Amino acid sequence: MSHTILLVQPGARPETRTYCDYESVNECMEGVCKIYEEHLKRRNPNTPTITYDISQLFDFIDTMVDISCMVYQKSTNTYAPYNKDWIKEKIYVLLRQAAFSSNT
């Protein structure tokens, strides 16, 4: 488990910048999914169930002006930066594992 900081800038203005911290990379990726789910709920307030596929999630990530992670590296006692593509790859792996687990 590596402490992970999610840095998000959804809009062009610097005031839209925010961050969240998580105890692990997987927890952070779940957090990104939750951000998207909250976005969908705001856009569709009368829809009782929110569904989406991974391509829609990735499109949402791509609309962000900036989204990146800083992941703690125990060996160097520093945080390493990771970009949108890395985040999408980690989300893909997480969701694939979740789908595999639910099918067994």
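Cβ coordinates are placed from backbone N, Cα and C, and glycine is handled just like the others.
The shown structure was predicted, so the numbers you read here are calculated from the model rather than taken from an experiment.
The phosphothreonine annotation in Swiss-Prot covers THR18. Within the same chain, residues at least six positions away from THR18 (phosphothreonine) with a Cβ under 8 Å of its Cβ are VAL8, GLN9.
Per Swiss-Prot, phosphoserine is recorded for SER24, and the stated evidence type is a curator's inference. For SER24 (phosphoserine), applying a Cβ distance below 8 Å and a minimum sequence separation of six or more within one chain yields MET1, SER2, HIS3, THR4.
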